[in-house]
Structure formats: structure tokens, C-alpha cells
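Visitor: A single structure is presented below for examination.
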Amino acid sequence: MQQLPRLEEKFLAISLIFGMLFIFLTPPFQVADEDSHYKKAFLISEFILLPSVVDGNIGNYLPKELVLLEESFRRFIGNKEEKYSYIDQYNDLNTPADFSEKVFQSYSTSQTSPLLYLGSGSAIFLSKLFVKPTSSNSDNFATYLYAGRIGNLLLYTTLIYLAIKYIPFYKRVIALLGLMPMSMTLGASNSYDAVVISVLFLIFSLIMRYIYSSDKKNISKRDVVLLFILSIFLIELKTVYYPILLLIFLVPKEKFVDFKRSIAICFVLGGGVFSHVIWMGVLKIVLRSATPGSGQAQEQISYILHNPLDFAMVLVRTFTELRMFYVNSFVGNFGWLDTNLPSLVVIGFLIVLILVAYSDGIHVHLPLMHKVVFVGIFLMVVLMIESSLYITWTSHPDIGGIGHPIVSGVQGRYFIPCIPLFLVLLHRSRKSVKLLERRAISLDFIVPLYSISVLAITLFTLLLRFWI
């Protein structure tokens with residue numbers, strides 16, 4: 001009898017098929033912050049890895065036509081009447097560009113580590129090697145934008161495929177989150193969030209395997225080196241997610257046969273911190289002539305430290321007032337945060353996610369103390385996300401200012417990488433073998449089918465928003 005495709009294989013097929021549709025149905029720069037992400041990825045494809053300083057401003061010299069192309073697409077932001085057409089796309093992809101004239105521009109990702117653009121930057125570089133000798137008309141910034149999206153999608157899909165394959169439980173949860181409309185939108189864009197989500201899921205998967213898998217009896221040197229490399233990626237991706245690596249403390253010490261657990265933990269955690277210190281040191285040298293900041297971030301930190309109860313109320317007020325925005329931008333919020341999925345689809349997805357989290361992985365027993373650690377790390381990450389945006393973004397006078405009553409700038413998608421930690425609370429273990437088999441077969445059928453239906457609705461939403 002022919003063996004049915006495994007869940008990770010189903011994820012691979014669905015992600016690549018729908019991801020490619022997302023890539024070409026979403027007009028250029030119509031994913032939040034994709035303008036800055038694409039600029040950084042394009043520069044990395046030309047091996048320009050560091051920002052420059054001109055007249056005290058931090059940024060880079062960019063091709064003028066790239067800047068003009070990006071500015072021409074700003075007409076879509078918040079304007080649902082503006083549409084893209086096949087003729088527009090054809091012309092964008094078949095009009096040769098001038099790469100010679102350059103202008104200096106500041107942009108939000110200029111100081112971001114090049115590691116975050118491994119997928120998009122590499123794809124743009126490789127596409128140039130093919131396009132420039134063979135098709136002068138396609139040698140333009142729209143072509144390379146789509147190439148960057150494809151590179152990100154391939155990396156995103158590969159890493160989550162591996163995460164589903166290796167995690168001992170919650171395979172269906174990771175698959176469902178990986179195929180969530182918001183996740184797929186980011187995975188099919190030039191945004192570094194595609195790398196953030198997929199790397200975090202892979203780290204979570206590997207550590208869960210080291211802790212709970214009966215097949216993984218020993219933690220080898222190769223396993224520790226792999227976590228060391230991923231820790232470097234993680235801290236450069238988003239420092240606020242670094243506490244997730246603390247899960248390594250739950251790995252039984254008897255599994256460490258080549259060296260002590262304490263040495264392995266220091267190597268993994270210390271490696272990421274050391275690499276980040278080096279990167280920040282390099283930036284400090286490169287940007288030494290930049291105009292100093294206004295000091296608003298320091299004032300906001302002082303406010304938090306001197307008014308901890310007030311800041312606690314800021315957090316409560318933020319989650320209360322922005323709860324629906326967080327929910328919508330967690331499940332699916334497209335364009336420049338101006339296009340939502342129908343509310344029934346959003347709420348329905350959350351219900352299915354909760355049910356899958358309750359039903360999946362019932363063959364693994366999680367001690368209560370482990371659940372406490374999971375939730376504790378989740379709350380730590382959430383606090384760091386909210387605090388970092390309150391300090392770096394909300395502190396600006398034109399955004400909110402010092403002591404603003406709510407946190408501005410946080411979106412629901414920021415919680416996608418760490419949400420599996422919270423969902424562990426719903427985990428229940430069962431011992432019935434027949435129940436295990438029935439649940440596994442049912443979920444392996446339901447999760448892909450449900451994901452396909454939601455992604456189809458998402459594609460229809462994108463068609464209505466940008467094309468029809």
C-alpha cells in the first residue's frame with residue numbers, strides 16, 4: 001500500500017504553491033515595511049553590508065530608480081481604490097533600469113544585521129547572475145524584488161519543514177502557524193520576519209526534541225554547535241526573542257554525554273551574546289560620526305524604572321484597547337495594515353488553533369513545572385516586545401512621547417514566533433494507543449485542508465484589495 005505523505009511534506013507543498021501565488025498577487029512593497037527590507041536585501045546582494053554616515057545621517061547610497069519605484073507604490077497605502085494590473089506588473093518586470101545614478105537615503109533597516117537577509121539577499125544575487133547576461137529588459141528592481149521574495153519563501157518553507165519534521169509533539173500546531181495567512185504573507189515577502197518566524201520555530205522544535213524525544217537519547221557536539229549557530233541568528237534577528245533559548249535548561253543533564261550541561265548552555269547562550277557584542281561594536285565604529293540621538297529613549301527608560309506601576313497599567317491598557325488589532329494582525333493583516341480578513345475567518349482560525357493545541361501531541365507527558373517555565377519565558381518575551389517598542393518608538397513626541405498611556409508600534413505578528421510557548425498550556429497527555437492513532441490521522445487531514453481553505457480566502461482578499 002502506498003504510504004501517505006507526511007505532515008511536513010504536505011506543509012512543503014501547500015507553502016510553496018500558495019507562497020508563489022502570494023508573491024505575484026501582492027504588488028511590490030505592499031507588505032508592511034517591505035520597502036526598507038528590500039533596500040537592505042538589495043544592498044547585501046551587492047555586498048554592501050554596513051550603513052554609511054552622510055552629514056550625520058545614517059543610511060546608504062541607493063540607486064535613484066529604486067527609490068523612485070518605491071515612492072511610486074506609496075499610492076496604495078491606505079487607499080483601497082488604488083489597483084494594480086497585469087499591464088502594470090508586466091511593465092515593471094520588463095523595463096530595464098538605470099543602476100548608475102545613486103542617492104543617499106536613510107531607512108529603518110540600515111543598521112540591521114545582514115544575517116536576516118540570507119534568503120532574500122542570496123536570491124537577488126543569484127538572479128542577477130542569470131538575468132544580466134540573458135535578459136536586459138528584466139534587469140530591473142521589480143524583478144529582483146520578486147526574486148528576493150522567492151528566496152525568502154524557500155528559506156522560510158525549508159526551516160519550518162525541518163521544524164515540523166523534528167519536533168516530537170505539536171507538529172500540527174507548527175504546521176498550522178506556518179500556514180497562517182499572516183505567516184505566509186511575511187514568508188512570501190522580503191521582510192526579515194520570514195526568517196524570524198522560521199528560525200524561532202526550528203529552535204523551538206530542536207529543543208523540544210532534545211527534551212522530550214525518546215529517540216534522542218544523547219546531545220552530541222553537533223547538536224550543541226547547531227544551537228550555537230542558531231543562537232547567533234536568533235540574537236541578530238530580534239534580541240527580544242533570545243530568552244527562548246533558556247528552554248535548554250529543561251534538557252535532562254544525563255543526555256549530555258560529551259560534556260557537562262552547564263558548559264553546553266554557556267557555549268550556546270554566550271555565543272549569541274558575544275556575536276551581538278561584536279556586531280554592535282562594529283556599528284559603533286562605523287557610525288561614530290552620526291548625529292547623536294535625542295535622548296528620548298533614555299527618558300522613557302527612566303520613566304519605566306521610576307514608575308513601574310504606571311507602566312504596568314500602560315501594558316494592561318495597551319492589551320485592552322488594542323486587543324482586536326493584535327488579533328487581526330496576528331492571523332492576517334495585509335498591505336500596510338489596511339486590509340483585514342473577515343472577522344469570522346480570524347476568530348475561526350483562533351478557535352481551530354486552540355483545538356489543535358489541545359488535541360495534538362497527546363503521547364508526550366509535560367510536567368507542570370515545565371509548563372510554568374514555558375509560560376514564564378513567553379511572558380518575559382511579551383514584556384520585552386512591549387517594553388522595547390515603548391522605549392524606542394512610542395517615546396518619539398510625534399508618536400506618543402514620554403509616559404504615553406499605551407504602547408505604539410507593536411503588531412500581533414510579533415507574537416507569532418513565541419506563541420507555541422503559550423499554547424503548551426493547552427497540552428494534554430493521553431495513554432490510549434488507539435486514541436493517539438485516530439487523533440494523528442484526523443489532524444493530519446484536517447490541518448492541511450483547513451489551511452488550504454483559509455489561504456484560498458486570503459488570496460481572494462488580496463485579489464479584491466489590489467487587483468479588482
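Backbone N, Cα and C atoms are what each Cβ position is placed from, and that goes for glycine too.
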Visitor: Of the residue ranges 47-63, 115-131, 149-165, which one carries the transmembrane segment annotation in TrEMBL?
Guide: 115-131
Visitor: Give the one range among 194-212, 224-250, 262-282, 340-360, 405-426 whose Cβ atoms make the most pairs under 8 Å with those of the transmembrane segment (447-467).
Guide: 340-360
Visitor: Can you name the far-off residues of the same chain, 6+ from the ends of the transmembrane segment (115-131), with a Cβ under 8 Å from a Cβ of it?
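Guide: Same-chain residues near the transmembrane segment (115-131) but 6 or more away: 37-38, 40-42, 44-46, 138-139, 143-144, 147-156, 190, 192, 194-196, 232-233, 236-237.
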Visitor: Do the transmembrane segment (224-250) and the transmembrane segment (372-393) come together with 3 or more C-beta pairs under 8 Å, pairs six or more apart in sequence?
Guide: yes
